[in-house]
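Student: Summarising the annotation, TrEMBL assigns active site, charge relay system to 210, 241, 407. Sequence annotations record features per position, and here TrEMBL assigns domain 'Membrane-bound transcription factor site-1 protease-like N-terminal' to 50-124. If you look up TrEMBL, you'll see 202-452 marked as domain 'Peptidase S8/S53'. Per TrEMBL, the feature domain 'MBTPS1 third' maps to 481-609. What TrEMBL lists as domain 'MBTPS1 fourth' is 610-881. Summarising the annotation, TrEMBL assigns signal peptide to 1-19. Among the features that TrEMBL reports, transmembrane segment is placed at 1008-1026.
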């Protein structure tokens, strides 16, 4: 073959290859030179010279050794001093120190401290403020400009007497007394049967973290030790809460018996008479509990901040040292998404409350956990529930009284746990009992109540005797909680039982917990397996995310479930088991590792894929909640809850709306990834409600095309956004000695306006309040915004409201000022090419957190329009039609804040666009539909593709933790990661040539135009080469002409 031919073939092959190559807070108690800030004066006090900081070290040493190390390294710097902590923990090694740092030097000093090799981090010493009793309404009075109460947020945990104040309804509920004598709570659980067997809590060390106890209290047999961790010079309980808790656990008075009267009580006084505590107090007290080998610890406190790292990580360390912690789940019910920390941690036994009729107490907080939102799905909490209303316990000095609350239910379970611990012989106790094995006994023995769902009752009501039977013959093992997901078991399996699976849907995520009773450290032995009970089970596709290192004692185990396309017409039940092997190192040196097989039973209901008009998609990705930032509440009329911390999820504070949509025949799916990660042709409408985040340019472009060309309906419920009002909401926190500034408004209106700009729609910066009537429906507009741009031929509804944006953002001030009402546009409906758009300026009428009146009727009519083109005569009246466009100048549109580092809270700003594990399997790890040919994205550290990491301590296969959570080492599971092509980042050649935004059809054509031209050229070259070869062959085969030879 000639060289020319070889070159030609090489060029042809190259052309062919090219053609085929097509994402808190506060200060130390000893520093009382900082004056108190009065909320009335609206300005902070003059800051003192110093603020106290917790300096955490990487290892335990004597406090004097840490001090010497710090003095050696930064002794030459001015403006700091070591704070001596004189408490019982001083005689033990510690992992932190307390430094008072002058404000003038704190930047330099902290920078130098964080550079030190043995220093883990430096965090301001946090103050904890707790309200113990609910009989005073004063604690719920809000500050005029949204100041929060001092200290880290903690909810009230118990209530005295029959009158219970419910902050969220601003009302007092009177509970009817039982028509019988109050029973002993111990007899309701059968404690006397264990007493009769000789089990009374003996040799069990019970740590009670509360307000202390008096040494000579007549109700207790064994008060072993009282320690004071506060700055007050007393060991006594002057409030009564610590004494009451101890009485429920170990009291022996005949009127208010405790569960385990022989339990050894160790009273840790961690709250002052003013109900204040500090991070440093808790850290020292926790360290002392570890050093003195406590068995059980009760903590009847809680709050929404699960990102307080020193506190959360010390709880992990405490349970890792085999201390069984029981904690109250919170008194923020009946709202969903209100779990309190640390009870929401998987290594802690979280306890909810019920009444004597086995109904979930109205005050008891509900799940799911919100650590994982918006990029994952929450875990089941509480773990168990116990009686928490009208429980009898000990008074401060003598006698008994009744209290209600989850801080009462918590010691009920703690007392039962002490009793159960005493069942195991002391010699083998530490080998068998641990936080995981005790939780296994409690949740497996619990009685499932017939009415509440899993996020209300967890495993169910405590059953002391069944748990006793489990522990009596217990052998260390691992298990999964919940151990069954049954779509036919309603209402317990809500929300799963409300909506069947079907082909083409977003993956349904179920986030279970691995309980490893074999050891504090465990590992998943191999890929989990799905074992269907029959052939139809093969229609189910499952992918898994799980903790590859299970520590301490627990880990997460998440299922991502899809029905395959061939099941689009299937209707029926799919059953089977998911199995996973867990192993732990041997407890004995040189011994074999312990292995346990865990099983999760699935019973799933499947229906044929619903029509597009019945399918809705909920945008969860663009939600931001507290923590880690000051995300303000949506309704500024609410005076007792300044933060937006309930998750804003379909199954938390929008759960009533979810049920309504389900009853109306809609199927609602959740998207925790960018808007490029769903196929718009499958959905009737996209629901965008109360969203705070920004949008990628690709999202804006795709949504425009989805509506105008693919016929997607778009429904937007916005919220207030006013920079001046946000500035007024800024407040000085006495405990952190810093300003708290709202990160955004109720919704991120400037970002929403950019999203709606292609449709000619924009919201304004008003904060509107008032009532209006439409279609004979009385509605309340609670701190909503107005519509300031809308195209002609659309329909816009206007009503009279008061604007509170210029008067402190509170309705009370507005009414006092005598402001008058004017007409504002709040509802708009538009036909936009192939799609339809509906916008409304307030989401509080859909949010069960602070709802005054609901607007579900309006949502149903809007969906009739966006999904099926049905025009309600009230919404589409002639009077609402606009002949001219509504348009305000750009200068009147709300603008973004420039003084906030929004990237610290955002999943968009400074992040890469990537589809996470709640998107369809085929786009995991890509940019999404239409964009997936651009190649895989490089994942930035900390980028939130999906967070299912239970308690922030697991390693996820192929995903990273969400922004704002503690950084943990994340390893990709090669068995689960999407396949990456070798051309990975090299195929994006069109975008490298032209970075301008393209029209949708041009974009798709542009992606294939280059390969198409190259392919045609390749084909032409090949045909030309083939013809040339054919002609040569013909010439070779032709007969040779005769040669003439003439003789001369």
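The first residue you see is number 1, and the count goes up from there.
Cβ coordinates are placed from backbone N, Cα and C, and glycine is handled just like the others.
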Student: Return the single residue from the active-site residues list (210, 241, 407) that has the minimum number of other CB atoms within 10 Å.
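Tutor: Minimum Cβ neighbour count within 10 Å, taken over the active-site residues 210, 241, 407, occurs at 241.
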Student: In Å, rounded, how far does the Cα of residue 407 (active site, charge relay system) sit from the Cα of residue 210 (active site, charge relay system)?
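Tutor: The Cα atom of residue 407 (active site, charge relay system) is 10 Å away from the Cα atom of residue 210 (active site, charge relay system).
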Student: Taking only the Cα atoms, work out how far residue 210 (active site, charge relay system) lies from residue 241 (active site, charge relay system), in Å, as a whole number.
Tutor: 7
Student: Mind checking how the domain 'Membrane-bound transcription factor site-1 protease-like N-terminal' (50-124) divides into helix, strand and coil residues in DSSP?
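Tutor: The counts are 26 helix, 30 strand, 19 coil.
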Student: How does the model score the domain 'Peptidase S8/S53' (202-452) in terms of mean pLDDT?
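Tutor: Mean model confidence (pLDDT) across the domain 'Peptidase S8/S53' (202-452) is 95.
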Student: Quick check on the domain 'MBTPS1 third' (481-609): DSSP residue counts for helix, strand, coil, in that order please.
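Tutor: Secondary-structure composition of the domain 'MBTPS1 third' (481-609): 11 helix, 67 strand, 51 coil.
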